[in-house]
């Protein structure tokens, strides 16, 4: 029985490799060509320079709405616990102070915060369009309007989605709705689902090119799973190997955040390359089929 199962699994692996080896080779070539480790380093640098202004601006916009102002603390805890492993408490403490200070800033200083936040969004936009090989770039006015919508409507949508998630969690957590421990399963899956949804939106909305949902979903699932695994591995490393604290002392938070941002961008770009590889490979297959059909028609005409 075990022998038959092993033979069956081996045949499935061989069949999977035979069916997808060309796609895997194409994906590998794209990864090498795009040099994602270099691009991730560039985005990490821009992110560290612009992330604090971006978060300060978005949280400031969110606090302008009474409903989201009440949810701000729970929203911050959700983001830091699920997207900044191990160092979330320290980061939250600093950013809370930054947001409080932002309310005392002048209009000129706040405008510079907006410009720094726009720099990060613009860098992400340019990087994704380069990966998708977009030739028709958006007009400057269109790009600025889109970036402005991200800064203003983005916090509202994030707040609404987390409020909805909190409502669903409260419903599922009620004993009468808890069937076969589904509430615990839902709570465990919520960070992964949130990551996948965020990646889907990123891969579809950012490139100035039509991206089929099924390809964005495939890339988002891989990126989401890698992101969750990376969070657990990163938290394990920080708790089990605290040697970085001995080396850096009070500055230990800085390399931790930089390393995590770099790993996060590697994962984001990997998911993007999976999405674009699936999209481009399907186009190449369609071209090959059409060329084969044309060659067959020519052979029939000659014969």
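The backbone N, Cα and C atoms fix where each Cβ goes, and this holds for glycine too.
Looking at 210-230, 231-251, the stretch flagged in Swiss-Prot as transmembrane segment turns out to be 210-230.
Taking Cβ pairs closer than 8 Å, the transmembrane segment (210-230) reaches residues 132, 191-192, 195-197, 199-200, 202-204, 263-264, 267-268, 270-276, 278-279, 282 in its own chain, all 6 or more past its ends.
The list of residues near the transmembrane segment (254-274) in space but at least 6 beyond its ends in sequence, with Cβ under 8 angstroms from a Cβ of it, reads 27, 30-31, 34, 36-37, 39-41, 43-44, 47-48, 51, 84-87, 91, 127-128, 131, 199, 202-203, 218-220, 222-224, 226-227, 230, 234, 238, 244, 248. Within the chain carrying the transmembrane segment (105-125), a Cβ under 8 angstroms from the stretch's Cβ atoms is held by residues 42-43, 46-47, 49-51, 53-54, 56-58, 143-144, 146-147, 150-151, 206, all 6 or more beyond its ends.
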